[in-house]
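Chemist: Straight from TrEMBL, here's the annotation block:
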- B:3-145: domain 'Aspartate/ornithine carbamoyltransferase carbamoyl-P binding' (DOMAIN)
- B:Arg55, B:Thr56, B:Arg105, B:His133, B:Gln136, B:Gly272, B:Pro273: carbamoyl phosphate binding site (BINDING)
- B:Lys83, B:Arg166, B:Arg231: L-aspartate binding site (BINDING)
- B:153-310: domain 'Aspartate/ornithine carbamoyltransferase Asp/Orn-binding' (DOMAIN)
Amino acid sequence: MSSYLIKGVSVLGAAPTDLLIRDGVVAETGADLAADGATVLDAAGLVALPGLVDLHTHLREPGREDAETVESGSRAAALGGYTAVCAMANTSPVADTAGVVEQVWRLGREAGLVDVQPIGAVTVGLAGERLAELGAMADSAARVRIFSDDGHCVADPRLMRRALEYVKAFDGIIAQHAEEPRLTEGAQMHEGAVSTRLGLTGWPAVAEEAIIARDVLLAEHVGSRLHVCHVSTAGSVEVLRQAKARGVRVTAEVTPHHLLLTDVRAETYDPVYKVNPPLRTDDDVTALRAALADGVIDIVATDHAPHAVEDKECEWAYARPGMLGLETALSITLEVLGPRWDLIAERMSRTPARIAGLESHGLDPAPGVPANLTLVDPAAQRRIEPGELASLSRNTPYAGMTLPGRVVATFLRGEPTVLDGKAVK
Amino acid sequence: MIRHLLSGADLDAATATRILDTAAEMATVAGREVKKLPALRGRTVVNLFYEDSTRTRISFEAAAKRLSADVINFSAKGSSVAKGESLKDTALTLQAMGADAVVVRHPASGAANRLAEWVDGSVVNAGDGTHEHPTQALLDAYTMRSRLGRLAGLSVAVVGDVLHSRVARSNVLLLSTLGAKVTLVGPPTLIPVDWATRAATANTAGQAPDISVCYDLDAVLPTSDVVMMLRVQRERMSDSYFPSAREYARRYGLDGQRMRRLPEHAIVMHPGPMNRGMEITPEVADSARSTIVEQVTNGVSVRMAVLYLLLGGNNA
């Protein structure tokens, strides 16, 4: 294994120090460490963070390898500063069996750019009718702990209750896509002033809030862990705040796009802004930012959703929902939270690693700790060009925007996956 | 002059008035023995219809032909679209054929906006999903002006399925621009939540047009100069927007008795096609107050004016 001496880096914003990486771990920290044969990286001005962990990534393989593969998505993740991603189950075939989750897990190992932790489907085929073999997925080589029908809500309250209870046997967690399906039939965008003007069928905030309210009560009733995907409304934040105050074991994520963009983007009818849940209002963005800062929302998760050009270059109603996120998430979080590195590490690395049960991730760089870390240039400004992204797809809503921060290097178990801002393979 | 006509919001008062004035001139052509002007000779107008709409398509076709344009009718059925061609590829095809204007009717809101990004010619929105239908609003305004002599200060009740109506959206925008006062009337389930809330909170600093909302048709009739009845799709019933067609007709249908509550001069409009017996009774539809047939006639004049002005016929 190679060894690296990272010179003069600021760990989580602290005074500059050196980090010696050897045998996959952080071997030593301190001033003026001897290179001792290690490759020296000048990291003056850079900030070291524990490698980022994404709890919500769509890698599209198997099934839509034209939009993304495990390998291309892993590369995008590494370039975004991630060392682990949790791959959502809505592939084709659906990741609802031990066979499919093991396939995704193995593809991730072969790509070797980030740890790919498969998420298993809650119900067979995401159909919301009967439980998938959750235990078989948990016992498989992929060791699945997070289960989600993401893209679909587990709407049946009895099935949701059973799922929450069942996964307690192996300390699993249900990650719910909170969307009451009867309230969002045909929905295209946030229901409000803009949807009225544009004549696009509204996706009312209450459709999300009603499910979250129900699910925290169910989780409380059966004493299970619940994770809420992509929280998008101010009302959801209030439901979560009350549940957490009561001690319900609920965690929640927000996406970078819900922290930055609002429904007025739909005015061009360009479906690059179509996403589920939809972009909301300024008031929602304000509430989400405050909740992320104060901890009612636990983590930032990308909901990285690559789509082929033909699925976006069309009429709004016919386009697939979703946006790219892996290569821009850290920049947007930095923009939103400011250079509060400990908070960023908490929201993008430590807490998501803890929720997912990824024990070798989410650990601050310190002697003896697995060397999963990323180096960020906080002073850099970066203009987002869709064609320069590593993802196979181009559906970034940030095209042409200038965002702060740039990932310079990422290490996975001591081996660089990104150096000089470029993927090593 | 604007390049595309996608929304009622594309028209300021001066532009809208210019279109209506031009339409009045165009109307004189219809009275001649030879109903044709040479204004758009050599120009190509494509009617791109993704939805069946006999009346709108024929109206645009007649308008373009009376201006001597070459007209190509492209309907989605039995065409490359039925074979799965995307809107963008169709747009590029029309572009390659040198279409000067594309008149588009499409079931998806915003399709005309998308098309306008992909072709160099002018795009006229002839109805996109539940978004807008601006030439309908123009012909409605033209009809009101010719019957009542003005638009500013008129009280216009728009009655029915406002939520799903592109006609209502365009009319709200255009009539507000031209100084009419619009009241939306219908069951609360068929009025957009946002408009109802805004109207209830007395127009709080929103950019939404100044509109009011009333759930009681009888209450607005005595003070209305214009009653515009919207078509109500029967399938809304199975979606629980209202309990039954009969109940809808009782509460929001315009029958002879209700019509007699209107002021003497008031007119009754309908964009067609009508559900006789649902939102309007035959007695009303066929009465002297009804402008329904005039609206069709005026539609051709207004669409002539739109094509003429968009294609720069005034500079020729």
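Glycine too: its Cβ is placed from the backbone N, Cα and C atoms.
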Chemist: Given binding-site residues B:Arg55, B:Thr56, B:Lys83, B:Gln136, B:Arg231, B:Pro273, which are under 8 Å from chain A when comparing Cβ atoms?
Modeler: none
Chemist: In the three-state scheme derived from DSSP, which category covers B:Lys83 (L-aspartate binding site)?
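Modeler: Its secondary structure by DSSP: coil.
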Chemist: Would you say which of the binding-site residues B:Arg55, B:Arg105, B:His133, B:Arg166, B:Arg231 has the most Cβ atoms within 10 Å of its own Cβ?
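Modeler: When each Cβ's neighbours within 10 Å are tallied, B:His133 tops the list.
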Chemist: Just checking the binding-site residues B:Thr56, B:Arg105, B:His133, B:Gln136, B:Gly272, B:Pro273: which sit within 10 A of B:Arg231 (L-aspartate binding site), CA to CA?
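Modeler: Neighbours among binding-site residues, in sequence order: B:Gly272, B:Pro273.
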Chemist: Please find which two of B:Lys83, B:Arg166, B:Arg231 have the most distant C-alpha atoms, given that the record lists them as binding L-aspartate, and give only that distance in angstrom, rounded to a whole number.
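Modeler: Output for L-aspartate binders B:Lys83, B:Arg166, B:Arg231: max Cα distance 31 Å.
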Chemist: Going by DSSP, is B:Arg105 (carbamoyl phosphate binding site) sitting in a helix, a strand, or coil?
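Modeler: DSSP call for B:Arg105 (carbamoyl phosphate binding site): strand.
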Chemist: Measuring Cα to Cα, how many Å separate B:Arg166 (L-aspartate binding site) from B:Arg55 (carbamoyl phosphate binding site)?
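Modeler: B:Arg166 (L-aspartate binding site) to B:Arg55 (carbamoyl phosphate binding site), Cα-Cα distance: 16 Å.
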Chemist: Given the binding-site residues B:Gly272, B:Pro273, which one is most crowded in terms of C-beta atoms within 10 angstroms?
Modeler: B:Gly272
Chemist: In the domain 'Aspartate/ornithine carbamoyltransferase carbamoyl-P binding' (B:3-145), how many residues does DSSP call helix, how many strand, and how many coil?
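Modeler: The composition, in the requested order, is 64 helix, 27 strand, 52 coil.
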Chemist: Starting from each candidate's C-beta and looking 10 angstroms out, tell me which of the binding-site residues B:Thr56, B:Gln136 has the most other C-beta atoms.
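Modeler: When each Cβ's neighbours within 10 Å are tallied, B:Gln136 leads.
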Chemist: At the level of the C-alpha atoms, what whole-angstrom distance separates B:Arg55 (carbamoyl phosphate binding site) and B:Lys83 (L-aspartate binding site)?
Modeler: 26
